[in-house]
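Straight from TrEMBL, the features:
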- B:124-500: domain 'Myotubularin phosphatase' (DOMAIN)
- B:ASN273, B:ILE274, B:CYS336, B:SER337, B:ASP338, B:GLY339, B:TRP340, B:ASP341, B:ARG342: substrate binding site (BINDING)
- B:CYS336: active site, phosphocysteine intermediate (ACT_SITE)
Amino acid sequence: MEFSEHIKTANVEDVVLRQPLHPPSRGTLCITGHHLLFSDREEGSSRQLLLLLRNIDAVEKRISGSSGTITIKCKDMRVLHLDIPGMEQCLNIAHSIETLSCLDGVAAMYPFFYRPSDLSLQNQWGLSSTEKYYSQMKELHNRWRLSSVNRDYSVCPSYPPAVIIPQNTDDDMLKKVAKFRQGGRFPALCYYHRKNGMVILRSSQPLTGANRKRCREDEHLLQAVIDGSDKGYIIDTRSSQQAQQARMTGGGFESKSSYSHWKRLHRQMERGKALQESLIKLVEACGDESHNMDRWLSKLENSKWLSHVQTALSTAGLLAECVERDGHSVLVHGSEGTDSTLLISTLAQLIMDPCCRTLEGFLALLEREWVQAGHPFQQRCAHFAYSHARLQQESPVFLLMLDCVWQLWRQFPLALGFSEALLLRLATEAYASDYGTFLCNSHQERCALGVTENTHCLFQALLRPTERDYYSNPLYEPTELAIWPSVHPQSLQLWRGFFLRWTQQARQLEEAQEEIRNMVIEWGKMALS
Amino acid sequence: EEHGQGYTSVEQVRLLDRFSNKSTNGTLYLTATHLIFVESSSNNSTSILHHHIASVEKLSLTTTGCPLVIQCRNFRVVHFVVQRERDCHDIYSSLLRLLRPVSYEELYAFSYNPKQNDQQREEGWQLIDLGAEFERMGVPCDQWQLTDVNRDYKVCETYPRDLYVPITASKPIIVGSSKFRSKGRFPVLTYFYQEKKAAVCRCSQPLSGFSARCLEDESLLQAISKANHNSRFVYVMDTRPKLNALANRAAGKGYENEDNYSNIRFQFVGIENIHVMRTSLQKLLEVIGTRSLNMSDYLVGLESSGWLRHIKAVVDAAIFLTKAVTVEGASVLVHCSDGWDRTAQVCSLGALLMDPYYRTMKGFMVLIEKDWISFGHKFADRCDQLDGDPKEVSPIFTQFLECVWQLTEQFPQAFEFSEWFLLQIHEHVHSCQYGNFLGNNQRQREELQLRERTHSLWAFLMSEKQNYLNPFYSPAYSEVHPVLAPSTLPYNFKFWRNMYHQFDRSMHPRQSILKAILTLRDNSRNAESTLQALESVTAPPAWCDPHRDL
């Protein structure tokens, strides 16, 4: 792929850059295959802006006379303006940005070219895997086994090669179960609760269809899960009406008669396009500079974003309650099992399991529950809230999860080992990144493109000594207890650090966070001296 | 059951959690000053001062007992279920009696005894000295002087004795002006911005009606204008919505006609009146008191209550004042109708933005003492201290505290105190435990001999200073940013959960950054003092080398 064919004008002098939190500056603009580069030419200052083109969500151009202004709206919520002399240059630049920012081929993306001097491609890729998790959880081994039935991805294209399933379920049975579940996503273990031996499994919906088809192997597998215990719960992330309707299109739910030991609980969670539209409305509201309180509150309400946060946290709370307080195993699914399912299983694990709350533990959790479990990042994060492109598979589920984690972090500021900065960094990286971690839609796709061989791993990079401090919570005090969030609307807040991150006020709060870090380090030294 | 010790107790009472299905069993005690609930399982107790109780409601009998709902002025809401209806009725009627004191002498402040001697109490009252405060601002000076015109509260009975006016304003001018202003509240100095010699003055509305004039009032404004050489005009800020001011003209009141006053710039800023504010808070409390509230209803309710809109309006007005003074160097005269509600809010909040001193703990006390207590904000009426007119009750001071809180959220390093300080002040404005906020004005306070018969809240808060410090406070920050310029874009205003849900524990973060930081700081201070103690030992033995691990 030649990037140069898309770059008619590579350099422009005398460009004025206007960006949030900085005074306007005049300098040289340069477009490369992956970046927009701006360097200030004022004497004595060497301010530069290096922006990954992939980070650009929308480009708007306005020509007046012989010059033009390009407005760039980024996926990290930054809005930049470039005043470019020369109409033709302006149009060329805008065209290059538009084209290069949404090129399709994954193999041509920047992570395959990014070669920082302090990282080596020989480094270990990733932090966790199903195999590793299984080997750490010795208590599992009696009743659960590691299956490599999916080693060539033929049973379930979106699952990793290794999965954890009940001991007495053989691979042939699994293949049959996979045929009965959408996308082949058969029930597999994702969490083992050490305190009481209960587990969380996730899957996609069963394909019962209008004829109420059954699958003995599926029933057998689930029976094997609760073996010895009186019942299990199924948390369906759709309303019962939605689940009923799904039967018309071949989907369905686990009926009481076929799964007599499983109790279904329905919690309707927003998904897909509706969630994307919610984000679009919220981002629009946050960009509204008018001084009208009623309008702001009404737009905030109308976006429904905080309602989605509330629902996600309370559903995750329900899941955790079933496991931790009620002492039962739970199967979670919605329809495809790649979005809201992962959202609530992640949050529930954070609520219950102190191991997930360290910096490494949290990153490993994200790796298992999102990257390896097949959340289709490429589709979901193709565009942010500004893009004029027609919506396809975009949906900010991952961002919603980070928002919920932030709410947890606010309510338990000492219990989580990572900082808000980490959540902000992850929110940015999911949409545009130097690293290969969030590329592609599944393990299989990443394998085919050689992502692990040819790109660097974000999670490893975040744990480098230089970065680690910044992403750690200076007030972290591990607790073994579950951290039950309050989901009263009065207890939840707009994630200002993200949605208003380019405002002066967010900067003030960031400075205060920095201040905390410095004080804690200072006092720590004193207490040790 | 009546006890010899002077309290009543009722056993087998259940305290229901407002937002969950949890409840605790215990015993309810009614003393002369408090209603106390003691949990039988843990001996934890909830203690409610009678003065904090805003209303008591007895609901109809249920199978489990007789429900009693108590709403407090500090936003605590408790829901008891008393097993026997007769007990419930006894408590209910006792509370109703205690709830409505008719004379000041019945208030807690007159019986509260923190075991201090007279000298200590006297020192407590001397902590805040407004004369010294005006000196700190640079007044008296060549343009402003102290006047004794109100020495006997003759000119204005709701103003303090000591007032500061332009040097060129003669007594006849002052007296003339006072007759042309509602309740005699003529224009006086409340804050002096030394850097630009610009003054913030306050007063009540002029009795202008449709066309009345008052030459003395006009010359007093002229004198205020002349006292500032930096600006050729003085701003007159009417903090009311224009419509309200217009309506007042029909009653012979109104606002300044720009044609009659030379060199004024007149400006409305549109803060609503006490009745709108009271209703707004009621709506807000109704919404947030709903059980199993969902997010949409919460946000819709927050909007329709208008509460945050009103908070924003007050902050906007304070910013207007601050800009006029600090950027343009102009003097500003602020008024509303009587000049003791909105005017107090705007003047004090403006001064807080302009002067870092008011963002310290002591400075904040001084600010409240000056703009609220001494200038006659009607605390007794607004906070319903005695059984009075319910239409006079309004959360004006609460709004001021909330505006300050919103600013502390925007400028975490600019304030010496944390939100607990604001909450504690709010608590005691309503507790009537200290003398500071009793009554409606200074004259009344002197008559009540509060300095002799009650204790000062400020001394108590100062003695507990450690509890209210903001660990992020940076005096250096204030040196770089002496004047705060907050953003009032709507998204910067938040619901103040710690105020309106202070007592609803299930609403709050389960861990507090503030507490963690304070503990860490104390630990390190202890370590430091241990270190110093060790270092002070001459020739310490090797085992206590301070560089070794302790």
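In case you wondered, yes, glycine gets a Cβ from its N, Cα and C as well.
Overlay of TrEMBL annotations on the structure.
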residue: B:ASN273; record: substrate binding site; Cβ within 10 Å: 16
residue: B:CYS336; record: substrate binding site; Cβ within 10 Å: 27
residue: B:ASP338; record: substrate binding site; Cβ within 10 Å: 21
residue: B:TRP340; record: substrate binding site; Cβ within 10 Å: 27
residue: B:ARG342; record: substrate binding site; Cβ within 10 Å: 29
Starting from the Cβ centroid of B:ASN273, B:ILE274, B:CYS336, B:SER337, B:ASP338, B:GLY339, B:TRP340, B:ASP341, B:ARG342, the recorded substrate site, name every other residue in that chain with its Cβ within 8 Å, sequence order please.
B:SER204, B:THR239, B:ARG240, B:THR343
Given the model, what does the mean pLDDT over the domain 'Myotubularin phosphatase' (B:124-500) come out as?
96
DSSP on B:ARG342 (substrate binding site), three-state: which is it?
helix
With DSSP assignments reduced to helix, strand and coil, which class does B:ASN273 (substrate binding site) get?
coil
